[in-house]
Structures are given as structure tokens and as C-alpha cells.
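Record features (TrEMBL):
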- 7-29: transmembrane segment (TRANSMEM)
- 41-64: transmembrane segment (TRANSMEM)
- 85-110: transmembrane segment (TRANSMEM)
- 130-151: transmembrane segment (TRANSMEM)
- 163-185: transmembrane segment (TRANSMEM)
- 212-233: transmembrane segment (TRANSMEM)
């Protein structure tokens, strides 16, 4: 029970730090580029902030909670039977609360800019329809969760002893790449806690109107990734191994 409590705390703090740094980056970029399109860190800098923080936080928490920091990742691992239902529920609650607190800290320290520049909330961009936004979230989350499964595959760990140490790198890089592709469409959710926490603190109608996209899309993407990895890739690998053994 103590181990579970520590894992829950780790997920809470990690998600808090993730939202604090990334939302600050988004607001900072918007304030610097207001009136100067070449000002600020740009989309590339925002993508690096999200991907870099995931790399750091997954590395720091992997030994305690396995570094989920994302309800969609937790949901995918639940479907793959890599985490229990009770643990998954506690993780998702901790992640959402951490996200709310992280965004709350941003608003506390950047009150003048927070509301003016959208509070880092995810919204469907003008010119894109709901289907496009939902599709972007599904595919983006699929890329992330598929990377999580591949980077933490126990069969790969047994073969390559360095993989557990390097696992946060491809996961963080996947987040970086997805942000580059989808920031112009939805601001990039792929993490329901991130979208939920920003919407709670920002509190404007548009962010709530689109909120369902940032839950349904990531959960569908995570489910597809879990099914693909566990029942197509892993099932195929198991059959190949068994066939090899029977012929030996």
C-alpha cells in the first residue's frame, strides 16, 4: 500500500511539474510573439518543452510509478493488463489533480498574461472541423502510446540491457514530434489531464466545448495502440518463437 501511495504522489507531482513548465512556455511564447511574429521560442520551442519535460519526468519517475503522467498512457496499459484497474483509477485522478494544480501555479505567477493568452488551454483551431481535430488526437496518441509499449517491451529489455535506461528518450521524442504536427490543429492534447487541467483553471466556454475531443481522441488512440501492440505485434512474435522452438 505504501508503494502505491508513493506512486500516486509521484504521478501527481510529475503531472504538476509537466503542466507548470509547458503552460508557462506556451504563455511566454504568445506574450513574446504578440506583435512580433518572429519573437519567442516558436512552435519548435513549445514542442521541445513538452517533449523534453516528458523525457525528464519519465526518467525520474519510472522506478516509482513507471512514469505514466498521462491518463491515455495509463488507459492503454490497463487494456494491455500491465496495470490494475484500481491503480489506473488512482493514477488518472492524481494526474488530473496534478494538472489542475500545475496550471493553478501558472495563473498565480502569470496572472496578467494567463487569461490574455488563453491559459494554455487546448481548443480546436479556426479552419479545422471536429473530425479533423479528433483524428489528430487519435493518431497523435497512437504514436505516443505505441512508442511507450515498444520502448518498455519486456522482451526487448531481456535482449538489450540498456533499453530501460533509454526508454524515456523515444517517448519524449514521440511527444516532441506529435506536437510539431498537431499544434496548429488542436494545440496538441494527447494527454487528457493536460487538457482538463488547463480548461479547469482557464474556465472559458470554448475550451470546455472542445474538451470531449481531448478525452475521446486520446483514449481511442491509446486503445488502438494497445490492441495493435499486444494482439498483433506481440501475438505474431510469440507465434514465431513457438514455431522456431517446435522446429528446433
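Each residue, glycine too, has its Cβ placed from N, Cα and C.
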Stretch among 7-29, 41-64, 85-110, 130-151, 212-233 sharing the most Cβ pairs under 8 Å with the transmembrane segment (163-185): 41-64
Closest-packing stretch to the transmembrane segment (7-29), where packing means Cβ pairs under 8 Å, from 41-64, 85-110, 130-151: 85-110
Residue numbers, six or more beyond the limits of the transmembrane segment (85-110), whose CB comes under 8 Å of its CB atoms: 4, 7-9, 11-20, 23-24, 27, 65, 68-71, 74-75, 77-78, 119-120, 192-194, 196-198, 200-202
